[in-house]
Amino acid sequence: MDAPRINKWLKPLSALYGVGVRLRNYLFDKNVLISNSFDIPIVCVGNITIGGTGKTPHVEYLIRLLHPRYRVAVVSRGYKRKTKGMIVATEGSTAWDIGDEPRQIKRKYPDLTVIVDADRSRAIGYLCDLAEEQRPQLIVLDDGFQHRKVKADLNIVLTDYNRILTKDYLLPAGRLREPAGSIQRADMVILTKCPDDLAPIDLRAAKRDLALYPHQKLFFSKFLYGQGLKPLFSDQSPSAEVRSALAIAGIASPKLFFREIRTRFPSGTDRIYPDHHEFTDREICLLIQDWHELHRKDANAIVVCTEKDAMRLALRQSSFPQEMQERFYYLPVEVKLMFDQEKVFVDRLLGVIQHKK
């Protein structure tokens with residue numbers, strides 16, 4: 001666990017921001033501001049920090065657990081999309097239409113209902129009004145912990161093992177959207193990106209630091225990169241002789257991604273961009289230059305990006321030379337609960353669904 005970096009010069013602004021956040025939460029807690037309830041069970045997957053907890057892989061984990069048995073819909077804001085209003089995603093929807101994360105989910109689960117709308121209540125109302133045979137039996141609210149206009153039946157909050165929540169600071173000095181104590185609104189907390197060698201003393205330290213109530217269940221998850229590389233533009237698999245890679249990441253916390261890439265491909269170049277980054281023409285040109293330089297040294301060199309970046313880079317296919325397209329891959333990531341916690345986790349989810357039947 002690492003202590004977060006805090007910009008001490010911005011602490012006065014964080015104090016002002018905190019006043020506004022606490023007032024808003026107080027008004028919701030006292031029912032001055034109203035949270036809307038719905039007939040369909042809603043599971044919210046959110047966080048208290050600004051990104052970096054692995055939210056989308058955890059949403060996909062819920063889908064894998066429940067979608068075979070229940071009609072599941074995902075409602076998301078559609079961050080950084082270029083459209084407005086409510087959009088029901090189709091297989092042809094792009095990252096510009098619905099955002100990179102909803103596009104990633106829809107691409108993996110084409111028969112899943114995915115809706116993007118800044119007004120999450122409107123999107124959920126639309127789903128509730130569908131005919132019974134189309135109406136979802138469960139709604140996963142993506143990144144909705146601060147969207148208190150919707151009353152979720154189960155709030156799951158994610159927090160990064162590598163960034164101690166209780167030692168972080170409110171925006172803009174730190175990365176907290178709201179005070180760390182707000183985690184007490186959660187029903188379940190998942191400590192994400194845990195190392196494989198997590199020891200009992202680490203578990204006790206995490207429980208102590210988070211100071212959860214007895215009714216709040218704490219889970220531990222880790223990232224898995226076992227699927228292998230997927231081609232982005234072609235159908236060619238990488239050669240077994242590949243030792244070099246140009247690695248591209250525009251996500252909030254790319255450390256685990258780069259560590260995995262360098263474990264597989266020891267040499268190459270790493271390029272880091274902001275989360276949800278929209279690549280400019282100049283940046284694409286620089287990536288092409290990086291590729292040519294690497295390819296001159298190693299004829300088998302490849303390009304690898306994160307799965308989320310692939311949703312945006314796919315829109316720039318024509319900008320890349322053909323030879324680079326044929327060696328362009330992305331690395332999917334999945335999550336797994338540790339310490340045989342999956343049954344307890346699933347039972348809690350099923351309890352929420354059964355309660356509203």
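Note: Cβ is positioned from N, Cα and C throughout, glycine not excepted.
Source: prediction; values computed, not measured.
The ATP binding site feature in Swiss-Prot is assigned to THR49, ILE50, GLY51, GLY52, THR53, GLY54, LYS55, THR56.
Recorded features from Swiss-Prot, shown on the structure.
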residue : record           : contacts (Cβ under 8 Å, 6+ apart)
THR49   : ATP binding site : THR159, ASP160, ARG163, LEU165, ASP168, ARG175, LEU176, ARG177
ILE50   : ATP binding site : LEU171, ARG175, ARG177, ALA252
GLY51   : ATP binding site : ARG175, ILE251, ALA252, SER253, ASP275
GLY52   : ATP binding site : ASP160, ARG163, ARG175, ILE251, ALA252, SER253, ASP275
THR53   : ATP binding site : ASN47, LEU158, THR159, ASP160, THR192, LYS193
GLY54   : ATP binding site : LEU158, ASP160, THR192, LYS193, SER221, PHE223, VAL333, VAL335
LYS55   : ATP binding site : VAL45, GLY46, ASN47, GLU101, ASP142, ASP143, LEU158
THR56   : ATP binding site : GLU101, GLN104, ILE105, ASP142, LYS308
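Same-chain residues that are not part of THR49, ILE50, GLY51, GLY52, THR53, GLY54, LYS55, THR56 yet have a Cβ within 8 Å of the Cβ center of the ATP site turn out to be ASN47, LEU158, ASP160, ALA252, SER253. Taken residue by residue with DSSP, THR56 (ATP binding site) is part of a helix.
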